[in-house]
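Visitor: The structure is given below, and queries will be raised subsequently.
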Amino acid sequence: MIPLNRRASQTRGGMEYFDARRKPHNVGKVIAALVLTTLCIFILKQSPGFGGSSVFSRHEPGVTHVLVTGGAGYIGSHASLRLLKDNYRVTIVDNLSRGNMGAVKVLQELFPQPGRLQFIYADLGDQKTVNKIFAENAFDAVMHFAAVAYVGESTLEPLRYYHNITSNTLLILEAMASHGVKTLIYSSTCATYGEPEKMPIVETTRQLPINPYGKAKKMAEDIILDFTKGRKDMAVMILRYFNVIGSDPEGRLGEAPRPELREHGRISGACFDAALGIIPGLKVKGTDYPTTDGTCIRDYIDVTDLVDAHVKALNKAEPSKVGIYNVGTGRGRSVKEFVDACKKATGVNIKIEYLSRRPGDYAEVYSDPTKINTELNWTAQYTDLKESLSVAWRWQKSHPRGYGSN
C-alpha cells in the first residue's frame, strides 16, 4: 500500500509516476509538438536541399554547372564573375592559401539567388576530399585555375610546386574520370616554353621550361594529353597565357595577394604597393638582358580579356578534341615601359631600384595569338597598358588592404 501521506507523483525505485489529473495538460503539449514537427517537415521538404540533395547535385537541362578550382584567387574570381554573369552555375573550390574569401563574398552578394554559386573550402591535394566533392556535385565542366604561381618562389620550393600543380591536376583528372565529367579548361602558362630562340611564340614552339613553375605546368599538360588519348569523350582546352594585369572594369574585384607573398607577386602589384607607400619603391630585377633597354620583355594580357578567352574555350570545347592556345596580345613591352605606364596610371613618381636578375627568369616572351583569334574568335580588347593599369589602380586605391578595406 502507498502511505496516505505520500503524493502519487513521488518517485519509487528511480521511476516516476504522474498524477492522472495532469494528463490533459501533457496531452496538449504532445499534440502541439506533433503539429510543430509536421509543419517543420513540410517546410523542410520544400527546401532544395531536402534529403541530402541540392540543385548543385543534380544535372539540370539548360544549366551548365562549372567547377572553378582556385576561384577565390585573382584570375579564378574574375572567371567566376564572368561565368555567373553569363548564367552558369558555379562551384568554387579553394583552400584560401593564395585566394581571398573577400572575393567570394563579393560574388555571393552579387549573385545571392539559390542554385547560382556555392563555395567549398577544400584542399585539392587530398584525394578523398576531391572524390567527395565530385560525388556530391553534378559538374558539367571544370575550369582548373588552382595553383601556386610564382616563378621566383618555385625555384626556392620546387617540390611544393610539383605537388600543388602536377599532382593535384592528376587527382582532378582521376575524379573527372570516376564521375563522368568530360570537359576541362586548363589554366596553363607561357612559362612552359622557357626561353625560345624565336619570337613571337606559337603553340608549336618547343616547350623547354627553365623553372619549376613552368616544368610543373608542362608535366600537368603532358598528363592531360596522355589521359585524353584513351578517352574520346573528353573535351579539353589548354590555355597558355602570358602576364596578367588589370581588374574588373566595374571595380568589384581586384588583385589582393597576401602580405607575405608580395615579394613574389606580379610587377603590377609591386608598382601599386610603391604608389600607395606600402613599400619604399619598386625593385626591377635585371637590367642586362639582351633587349632594347636591358629589361625583360613581356606580353601583358588584361584579366578581363583572359576570362573571356576561357568562356569562349568552354563554349567551343568538343569531345575527342584538345585545343591548345596562347592567350596574349601579340605585343611585347619592356619592364621599363611598364613602369612608365604605371607611373602615369597612378600619378605617382615611383622610386625605382635596379637589382640583379631573378633566378629562372627569361629575357623576352610574347605571343602570336593568331590561332585563338581564328579558331575561338577571340581577340584581346584591353590592350592599352596605361588604361588597364588605371582600372586596376582605382580598385587598389580604394582597397589598400585588399578585401579587408574599402
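One is the number of the first residue shown, and numbering goes on along the chain from there.
Positions of Cβ are set from backbone N, Cα and C atoms, glycine also.
So Swiss-Prot has the following annotated:
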- TYR213: active site, proton acceptor (ACT_SITE)
- 65-96: NAD(+) binding site (BINDING)
- 1-26: topological domain 'Cytoplasmic' (TOPO_DOM)
- 45-406: topological domain 'Lumenal' (TOPO_DOM)
Visitor: About how far apart, in whole Å, are the alpha carbons (Cα) of THR69 (NAD(+) binding site) and TYR213 (active site, proton acceptor)?
Guide: 18
Visitor: Which is it, of LEU81, VAL93: the one of these binding-site residues whose Cβ has the most other Cβ atoms within 10 Å?
Guide: VAL93
Visitor: What's the CA-CA gap between HIS65 (NAD(+) binding site) and the residue listed as 'active site, proton acceptor' in angstrom, rounded?
Guide: 29
Visitor: Can you tell me the three-state DSSP label for HIS65 (NAD(+) binding site)?
Guide: strand
Visitor: Quick one: among the binding-site residues HIS65, GLY73, ARG89, which has the most Cβ atoms sitting within 10 Å of its own Cβ?
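Guide: Counting Cβ neighbours within 10 Å, the top one is GLY73.
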Visitor: Using the alpha carbons only, what distance in Å do you get between SER77 (NAD(+) binding site) and TYR213 (active site, proton acceptor) once rounded?
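Guide: Taking the Cα atoms only, SER77 (NAD(+) binding site) lies 21 Å from TYR213 (active site, proton acceptor).
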Visitor: Taking every protein chain in this structure into account, which of the binding-site residues THR69, SER77 has the most other Cβ atoms within 10 Å of its Cβ?
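Guide: Answer returned by the neighbour count: SER77.
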Visitor: Tell me the Cα distance separating TYR213 (active site, proton acceptor) from VAL93 (NAD(+) binding site), rounded to the nearest angstrom.
Guide: 21
Visitor: In this structure, which of the recorded positions LYS85, TYR213 has the fewest other Cβ atoms within 10 Å of its Cβ?
Guide: LYS85
Visitor: Restricting the comparison to the binding-site residues GLY73, LEU81, ARG89, which residue's C-alpha is spatially nearest the C-alpha of the residue listed as 'active site, proton acceptor'?
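Guide: Closest by Cα: GLY73.
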Visitor: Could you tell me the mean pLDDT over the topological domain 'Lumenal' (45-406), as a whole number?
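Guide: Mean pLDDT across the topological domain 'Lumenal' (45-406) comes out at 94.
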